[in-house]
Amino acid sequence: MSTFYLCSKNHSIVGQMDTYLAFHRDNRHRKTEDHEKNFNPSFPSRHNVSEESARPNYVNNSPTSPYHLGRDVPSDEAINKIRTANSVTISPELFEKIYLNPQNAVKGELRNTFANPTPLALLGFLLSLSPLSCELMGWRGAGGDGIATVGAYYFIGGFLMSLGGILEFFLGNTFSFVVFCSFGGFWFTLGSTLTPSFNAYGAYAADPNQPAQGLTSPGFHASFGFFLLFMGLLSLIYLICALRTNLVFVAIFLGLLLTFVILTGAYWHTALGHTEMAERLQVAAGAFGFLATLAGWWIFFAQMLASVDFPFQIPVGDISHLITPLSERVKQKERYPA
C-alpha cells in the first residue's frame, strides 16, 4: 500500500515537472517569436481581444506625457497643459512675419493670452505716411507739407504706433517696441510742429501776427531739416537690423531712409532759395515714401491673413538665415573650439 502511494506521488511530481518545463519552453518560444515580430507583449493583441480592451492604458500603465491630455482631463487643465508643454510652435519666418521682430526666448504666456499688437501699430504708420507721401508728390493738386492730415499724425500715427510699441514691450519684442515707439514719437512731433498753437513755425515769422509766414522762412526749413536728417540715420540703423528679418521689412526701412535724406535736402534747398530743386526733391521723397508704404501694406496684408489662419499665405522674403545669429556662433565655438 505504501509502495503504491510512493509510486503515485513520484509519478505526480514527474508530471508536474514535465508540465512546468513544457510551459517555460512554450513561453520562451513565444518570446522569441514576439521579439522577431517586434511585438511588445505588454500590449494586448488585436487578434484575440475586443477593440475597447486593445487600447493601451497610458494613464495606468505608462508615465504621463506632457503632450497627452487623457480622456478625463477637464478642458481648463487641458489648455494649460498645451500651453506649458509648448506643443504649438511657429517657425522663425512666421514669427518675424507676425511680430516684425526676430524670434527670441521670452518667458511667460502673454503671446498666447493677448492679441498681437503689431498690425495695429503698422496700420497707424501706413494711414499716416500713405496720404503724406501723396501730398508730397502733389497728386491731384495736394500740397502744404502735409498740414491737411495733421489730425492723422496725432490720433492714428502717433497714438496707434505708440500704443502698439508699448504692448510690444510687454510681449518682450524689443526691436518692434523701439521701432514703433520711435516712429510714434515722430508722428507726434510732426503733428505738433504743424499745429499753430505750438508756435513751432510761428517763431520764425517776421510778423508775430502772421505765424504762417514761418512756414516759408529759411530759418525754419534749415532747422527742421536736421530733425529729418537724424530720422534718416535712425532708419539706417533699423535697416541694418532688418537684415535679420525679411525683404519686405528691408524695403520699408530703405524707402524711409531715402525719404528722410531726400526730404532733408528739399528743406535745405528751400532755405537756400532753390525753389525748383526743392520741389523736385520733395516729389522724389514722396515717391520713396510711397514705395515704403506699398511694402508696408503688403506685410500688413500678410499679417492679417496669418491672424485668421487663412488657407493661403503671401511670402515676405525671409532672409533671417543669411546672417548667422551671434548666439549660434557662440554655441558653435563652444561646441567646436578652434
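Glycine too: its Cβ is placed from the backbone N, Cα and C atoms.
According to TrEMBL, the region 'Disordered' annotation covers 31-70.
Positions annotated as transmembrane segment by TrEMBL: 120-139 (among others).
Feature annotation from TrEMBL assigns transmembrane segment to 151-170 (among others).
Taken from TrEMBL, the feature transmembrane segment covers 177-198 (among others).
For 218-240 (among others), the entry in TrEMBL reads transmembrane segment. Residues of the same chain lying 6 or more positions beyond the ends of the transmembrane segment (218-240) and with a Cβ under 8 Å from any Cβ of it are 179, 182, 186, 189, 193, 200-201, 204, 250, 253-254, 256-257, 259-261, 263-264, 267-268, 270-273.
If you look up TrEMBL, you'll see 247-269 (among others) marked as transmembrane segment. Distant neighbours of the transmembrane segment (247-269): 96, 100, 133, 136, 221-222, 224-226, 228-229, 231-232, 235-236, 238-239, 275, 277-279, 281-282, 284-286, 288-289, 291-293, 295-296, 298-299, 302, 316-319; these residues of the same chain sit at least 6 beyond its ends, with a Cβ under 8 Å from one of its Cβ atoms.
Here TrEMBL flags 281-301 (among others) as transmembrane segment. Within the chain, the transmembrane segment (281-301) has long-range Cβ neighbours (under 8 A, six or more residues past its boundaries) at 97, 100, 119, 122-123, 125-126, 129-130, 132-138, 246, 248-249, 251-256, 258-260, 262-263, 265-266, 269, 314, 316.
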So which residues does the transmembrane segment (120-139) touch in its own chain, when a touch means Cβ under 8 Å and the partner is 6 or more beyond its ends?
100, 145-146, 148-149, 152-153, 156-161, 163-165, 167-168, 176, 180, 183-184, 187, 259, 263, 282-283, 285-287, 289-290, 292-293, 296-297, 299-300, 303
